[in-house]
Structure formats: structure tokens, C-alpha cells
Amino acid sequence: MLNRLHDRLGLRTTPSIFFISACVIVLFTAAMGLFPSQVQGFFGTVSSALRYQVGWFFTFSVTIMVIFAIGLALSRYGRLKIGDDDSEPEYSGIAWFGMLFAAGLGAVLMFWGVAEPMNHYANPPMYGTEPFSDQAAVEALNISNFHFGLHMWGIFIVPGLAFGYFTYKRKLPPRVSSAFQPLLGDGIHGPIGKAIDIMAIVATVFGLGVSVGLGAMQINSGMNYVYGIPMAGWIQAAIIAVVTAVGLMSVLAGMDKGVKRLSYLNIVAAVALLVFILMAGASMSLMRGMVESAGSYLNALPTLAFFNDTFGNGEWSGDWTVFYWAWTVTWAPFVGMFVAKISRGRTIRQFVVGVLGVPSVFVVIWMAIYGLSAFQIDRAEGTERSMTETIVEEGNVEAALFQLLQNFPLFEATAVLALVVITIFFITSIDSGALVMDSMASGYEDQGPKRQRVFWALSVGAVCAAIITTSGEGGLAALQEVIIVIGAPVMLMSLLQAIMLFQAIREDAGTAKPIRTRQWKQVLPVEEYHRRAQEGSTAVDDFVMRPEYEVGTEPEHNTHQPRTWHWQREKEGQPVLQMALIGGFSAGKTTVAQAFADLGATVVDNDEIWAHVLRPGTEAHDEIVRMFGDSVTAPDGSIDMDALIDLKSNNQAARTRINELVLPLVREESRHRGRRAGPDTVLVQDVRDLVESGQSERFDVVIAVEAPADIRVQRMVQETGMTREEAWERVDDSSSDDERREIADEVVVNDGDNEYLRAQVQRIWDEYVVPAVPEIVGEKDAARE
């Protein structure tokens with residue numbers, strides 16, 4: 001049922017992943033609209049337990065991920081490339097960093113760049129620190145750098161490396177589940193793998209929804225400061241709608257035209273605003289503070305990395321650190337995959353330095369300029385405690401940036417610029433998220449129908465609007481509670497990804513010097529193989545997952561050998577190689593089938609299968625009789641197959657009705673006979689209606705049998721007693737040789753030269769069967785000898 005609905009909607013995804021993810025999102029949105037207090041109560045209770053009882057798990061996990069990333073970069077494996085060993089980066093360094101920053105933390109820094117330092121300056125969490133003191137200011141910057149520096153980017157590192165390695169090195173589908181291949185094997189395509197991908201998609205929608213919600217609140221606050229527009233839920237919902245609509249336009253423009261251009265524009269605008277604050281403020285003091293805060297942050301990092309506010313019952317860390325880590329980890333699937341996509345061709349070492357180091361340096365600069373400027377304003381005569389009053393006492397954190405800008409020249413211009421920067425940051429987040437979620441749902445990177453990306457972008461806006469409009473003044477708290485609950489399982493999943501990644505790298509790298517890896521063939525989701533096969537791509541090699549070893553990369557450890565498509569077929573008891581014979585009436589398919597049988601193949605007669613599924617007493621038999629009556633019925637009550645063939649040849653409507661009824665039964669019976677033949681066989685099946693049925697993807701090799709028309713007519717006259725006129729009508733009404741060649745891999749000409757015919761069959765046997773199943777061929781040859 002899901003497959004039919006999926007196809008009717010014109011989608012190109014894995015139906016179960018798409019529809020279950022969509023249902024979760026729709027149900028949450030509906031529940032927030034119908035039962036807001038109950039839903040918020042549930043998330044509030046669960047998030048409280050996660051924050052204050054198991055917050056240590058979040059703290060410890062993120063620190064472990066940072067250590068893992070740095071250790072991997074410094075190891076011999078740091079020289080491995082994300083992608084093939086000879087791949088090169090697609091984007092320049094500046095473009096790469098711009099997209100990293102825009103998709104990662106640009107929007108978050110715009111929101112918290114002033115608000116967080118001021119909160120910790122007024123309420124220092126470290127034991128014994130006096131509020132509003134110099135020590136409080138130093139610690140406030142340390143904590144802000146900690147929350148947005150190495151550790152926050154470290155959360156993106158592990159998923160990013162895992163996605164990049166398994167997608168571009170092992171050539172698996174661009175899904176979170178692919179990172180679990182060392183553990184699950186082919187199970188990544190089964191229920192467990194799909195459950196992982198559903199969790200990742202839902203987490204991404206909620207993570208982006210929270211971010212867009214914070215952005216809407218900040219944009220509303222800026223409009224309030226500049227234009228006097230009131231703070232209201234419905235206004236924020238309208239802002240969300242506009243941001244989502246613009247995000248849709250960027251989504252439809254694609255990666256290079258959408259995300260890349262917006263990222264360039266926004267990084268320039270954000271840096272311009274940062275430079276303005278530096279130049280318009282106490283520049284030398286800010287520069288001194290910037291350098292000092294960098295050293296102070298590194299000095300305080302070991303303590304902060306494990307700080308859990310033990311003697312405060314974990315309240316501060318639960319309200320701040322745990323929230324940040326839970327929020328960030330919900331972004332990890334989409335940011336990690338996006339970062340991996342734009343980092344293909346770079347080494348693991350370059351990736352870690354670029355994703356972990358460069359943004360962290362930018363964060364230190366950002367926090368120093370905005371944070372120190374806020375402290376100076378809060379201490380200055382005439383504006384003393386003004387920042388504290390707005391941000392801390394009134395809790396108006398979304399107004400923090402505009403409260404700061406109000407104390408600088410050109411307020412209206414800089415406030416409008418800030419609004420533009422904030423808006424574009426969230427547009428690029430929606431844009432990147434929709435593209436990545438579409439890849440996760442479809443399992444391949446080729447862009448699917450645009451309606452899919454539109455749906456994911458709208459989902460983000462719907463979740464965000466549902467939370468904002470039903471939470472009243474507690475919108476920020478509601479956003480935090482939802483994200484902490486969603487983030488907990490994703491955090492566990494990220495830790496497992498680190499383990500899987502290290503195992504895969506050790507398997508692939510071996511002992512080769514200079515270091516190279518096993519080369520993998522591309523793998524797509526099962527559903528996509530079926531679609532592409534129907535579209536004409538039927539190469540068996542596309543299904544192969546087994547790696548090809550480079551010289552010197554034989555694994556030094558016991559490895560999990562990825563399963564092949566043939567292994568899956570053997571598991572189901574199907575013949576290891578299946579071949580189809582197609583051809584017109586009296587083209588000589590029976591003769592060709594016998595030649596394959598003589599070589600050791602098991603032959604299945606399609607006419608006999610039709611007679612079996614239409615035998616008296618079956619529903620199909622009764623339905624054919626009901627539709628066509630005595631015209632297709634033999635004296636003994638069975639179906640007259642010659643009469644049925646004549647009816648199909650002469651009546652297009654009848655042919656369609658018969659095929660719709662009988663072909664599914666024929667396919668099922670064919671599979672049954674294949675299982676009965678067993679895995680140690682090569683199956684050759686005479687398939688009359690393969691052109692009409694469009695089922696050529698079921699076979700490894702399709703062979704078209706052809707004969708000159710006059711020879712076919714002569715055979716029909718001799719074998720069936722037809723007149724020459726009747727024989728020519730049947731030849732004219734059947735599928736043409738050109739149509740059969742379109743789906744055929746090989747063509748065999750049966751013009752009566754038996755020696756030439758067998759030579760053609762032997763060539764096909766040697767080309768397809770011998771390489772695929774040499775052990776079976778050897779056994780058959782030995783038996784004949």
C-alpha cells in the first residue's frame with residue numbers, strides 16, 4: 001500500500017522511511033495544536049530527568065568525541081582521504097569555510113553571541129566567583145568559547161567523518177545507517193537500518209525547527225527595536241513562514257546556486273558586522289581581550305570539559321551545557337552529512353583541522369568582540385547594568401544583540417544588517433537541511449523530485465510554528481525541552497558511529513605504505529536499484545558491495561566482509577544467476593533453451609507456468625472464464641492457451657486485462673520454481689511477455705532470440721497447421737525485434753544453422769556464467785565428463 005501511494009505521489013525515496021518520518025512530524029505538529037499542555041508536560045518531565053540526572057552522559061560523550069577526532073587526525077589514518085584515494089577537493093578553502101560556518105553555527109552565534117557571556121557574567125557558575133567581577137567576565141568568555149568552540153564542532157566531526165567515509169569511500173547510500181555497516185552488514189538496508197534513518201531525519205527536523213524558532217524570536221525582537229513591531233507568537237509564525245518560503249526558493253535552486261551563493265553573501269555580511277563592532281568600539285582593548293581570552297579558554301578547557309556542577313545538583317550544566325549538546329547533536333546528522341559532502345577529496349587531518357580548528361578560532365574572535373563589548377557597555381557610566389537588566393533580569397535574550405547595537409553609531413543600519421544576516425543564516429540552514437534530508441530519505445545523492453525537498457523544508461517550518469504558537473511566553477523553554485528529549489538517542493548513536501568508523505578505517509587501510517585503502521563499488525538502496533533497472537540500467541556490477549584490494553591493503557585485522565547481491569539471492573534460496581529468453585513466435589527459444597540445458601542450466605518453460613497458474617480450480621482460471629467465456633475454454637474446462645494467445649494478439653484491451661491478472665501469478669510461480677531449483681543452479685526461463693511486463697530487472701541477463709520472419713512463418717505453418725496468412729498476422733502483431741533489443745543484453749540468431757546457434761550460446765555462457773559461478777560450472781563440466 002505504501003509503495004502504491006508513494007508512486008502515485010511521484011516520489012523517489014524509500015517509502016517506509018519517508019512515510020514513517022512524515023507521520024511522526026505530522027502527529028507531533030497536530031498534537032501540539034490539539035493538546036499543547038499535555039505534550040509540553042511530557043517533554044518537560046522527560047527533559048528534566050535527562051538534564052539533571054544524566055547530564056553527565058552528554059558532557060562525557062562530547063569530550064570523548066573531541067579526543068577521538070584529534071587522535072584520529074594525528075594518527076597514520078589522518079592521511080586518508082574522504083573519498084577515493086585520488087579525489088580532489090571540490091570547493092576552495094574560502095567557499096568551504098563559508099558553507100561550514102553558515103550551515104553550522106552562524107545563526108546560533110548571532111543569537112547567543114551577546115546573551116551567553118552576559119548571563120554568565122551576571123550569574124557565574126564556577127564555585128566562589130563574584131558576579132560582575134573581572135574574574136566573572138573572564139569565566140563568562142571561557143564558558144561561551146567552550147559551548148561554541150571545540151566541543152560544539154566536535155559533535156559535528158564524528159558524524160561528518162562517518163558520513164564522508166562510508167558514503168564516499170565505501171560508496172554506501174548517504175544515510176546515517178550506512179555508518180553502522182561494520183556492525184549490521186546488509187542489515188543497514190533492513191528494519192534496523194531504516195529505524196536509524198527515521199530517527200536521524202526526525203531529529204534533524206526538530207533540531208532545525210528549534211533553531212528557526214530562536215531565529216524567529218530574535219528577528220521579531222530586532223523588528224521591535226527598529227520598527228516598534230510588537231513581540232507576538234503570530235508575528236513569529238509569520239516570520240517562520242517567510243523564512244521557510246525563501247528557504248524553499250534556495251532549496252529549489254540547488255547546492256551551487258542556492259547554498260553556496262547565500263553562504264558567500266552571509267559570511268561577508270557577518271564579518272562586516274563583526275569588524276564594525278571592533279572598529280566602532282574600544283578596538284585596542286578588544287584586541288587585548290581577544291588574545292587573553294584565547295589563552296584563558298585553553299587553560300580552562302580541561303576543567304570545563306568535565307564540569308557537571310556537582311555541588312549545584314547539576315542545575316547550571318543541565319540548563320546550559322546539556323541543552324547545547326543536545327541541540328547540537330540533533331543538527332549532527334544533517335550538518336555532518338552536509339560537511340562531508342562539501343569536504344570530499346580532503347584528508348581526515350584536513351577535515352578535522354578545518355571543521356574543528358578554524359571555526360573554533362572564529363568563535364573565540366566572535367565571543368571576545370561581542371562579549372567584551374557587552375561587558376564594557378554594562379560597566380560604563382550612563383549605561384551601567386543596562387545589558388544585565390534586559391538580558392538577565394528581564395530574560396529577554398533574543399533582544400541581546402540589538403540592545404548591544406543600540407549603543408553604537410548607525411543603529412538602524414546595523415540592526416537591519418543584523419536582521420538580514422540572521423535571516424540568511426536560517427535560510428541556509430533550512431536549505432542545507434532539506435537537501436540532506438532528501439538524500440537520507442532517498443538513499444542517493446542525485447536530486448529527486450523537487451516536491452520531496454519542499455516537503456522537508458515545510459516540515460521544519462511546521463514543527464517550529466507549532467512549538468512557538470502554542471507555548472506563549474515560554475517559547476524558548478518549550479524549544480529547549482523538546483530538543484533535549486530528541487537529542488539523547490542521537491548522542492548515543494553518534495558515539496556508536498565513532499566506533500564503527502574506527503573499525504572500518506582499520507579494516508580498509510591495512511598495512512600499505514604510503515597509506516591507501518580498499519576501493520569500493522557504489523551501492524544504492526534496493527528500491528533505487530529496482531527503479532533504475534526499470535529505466536534500463538541492469539548491470540549486475542552495480543549491485544556488488546565487495547571491495548577490491550589495492551596492493552598492500554589486505555587487511556591486517558579480521559574483517560567483516562560486506563555481502564554481495566548474489567549472497568542475498570543465495571540466502572533466499574534463489575539460483576545464483578537468472579537468464580531470460582525472449583523472442584517472437586517460432587523464433588526458436590525452445591532450441592536455445594535446450595542448448596543452455598545441455599551446458600548445465602535449469603530451464604523453466606514460461607508456457608507451462610501460464611498453464612499451471614490458470615489450471616482449473618484456481619481463481620485466475622475462474623476469472624479468465626468469467627471475462628472471456630467459452631472463447632478461451634477447452635472442452636475439458638481448462639484454458640485453451642492457443643485461443644488465449646490469439647485473443648491477446650488481436651485485442652489490446654484483452655491483453656492488458658489478462659496481463660494484469662496473470663503476470664503477478666506467473667512471477668510468483670517463477671520465484672517458487674527458482675527456490676525449488678536451489679541456489680547452486682543457473683536458471684534459464686522462456687519469458688513470453690517480458691517487453692510488455694517491464695520486468696526485465698528480475699533477470700541478470702536478457703537474451704533476445706531472433707529469426708528471419710519468413711523462417712518463423714514457415715515454422716508456424718509446419719508446427720501448428722496455421723495458414724501462411726494466419727502466421728503472418730501473428731508475426732506482425734507480436735513485439736518487434738527492435739523492442740526486444742532495447743531490453744536485451746545479448747541477441748542470438750536462430751536461422752536454422754544449429755552449429756552457429758550453439759556457438760552463440762557457448763559464448764554467452766562463457767561471458768556471463770563462468771565468471772559469476774565458476775564453482776557451479778566446474779561441477780557441471782565434471783558431471784558431463
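Using the three backbone atoms N, Cα and C, a Cβ is placed for every residue, glycine included.
Feature list (source: TrEMBL):
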| type | residues | note |
| --- | --- | --- |
| BINDING | Ser586, Ala587, Gly588, Lys589, Thr590, Thr591 | ATP binding site |
| TRANSMEM | 16-35 | transmembrane segment |
| TRANSMEM | 55-74 | transmembrane segment |
| TRANSMEM | 94-115 | transmembrane segment |
| TRANSMEM | 150-168 | transmembrane segment |
| TRANSMEM | 198-219 | transmembrane segment |
| TRANSMEM | 231-252 | transmembrane segment |
| TRANSMEM | 264-287 | transmembrane segment |
| TRANSMEM | 322-339 | transmembrane segment |
| TRANSMEM | 351-372 | transmembrane segment |
| TRANSMEM | 413-434 | transmembrane segment |
| TRANSMEM | 454-471 | transmembrane segment |
| TRANSMEM | 483-505 | transmembrane segment |
With a Cβ cut-off under 8 Å, give me the same-chain residues at least six positions beyond the ends of the transmembrane segment (16-35) that come close to it.
2, 5-6, 194, 197-198, 201-202, 205, 440-441, 452, 455, 459, 462-463, 466-467, 470
Is the count of Cβ pairs under 8 Å between the transmembrane segment (322-339) and the transmembrane segment (150-168), pairs 6 or more apart in sequence, 3 or more?
yes
Out of 150-168, 198-219, 413-434, 483-505, which stretch has the largest tally of CB pairs under 8 angstroms to the transmembrane segment (264-287)?
413-434
Sorted by position, what residues of the same chain at least six away from Ser586 (ATP binding site) have a C-beta under 8 A from it?
Ala707, Arg712, Val713, Arg715, Met716, Glu719, Ala727
Where among 150-168, 198-219, 351-372, 454-471, 483-505 do we find the most Cβ pairs under 8 Å to the transmembrane segment (231-252)?
454-471
By Cβ distance under 8 Å, which residues at least 6 away from the ends of the transmembrane segment (413-434) in the same chain are close to it?
99, 102-103, 106-107, 110-111, 204-205, 208, 211-212, 215, 218-219, 222-223, 225-226, 243-244, 246-248, 250-251, 258-259, 262-263, 265-266, 269-270, 272-273, 276, 334-335, 338, 401-402, 405-406, 453-454, 456-457, 460-461
Other CB atoms within 10 A, centred on Thr591 (ATP binding site):
17
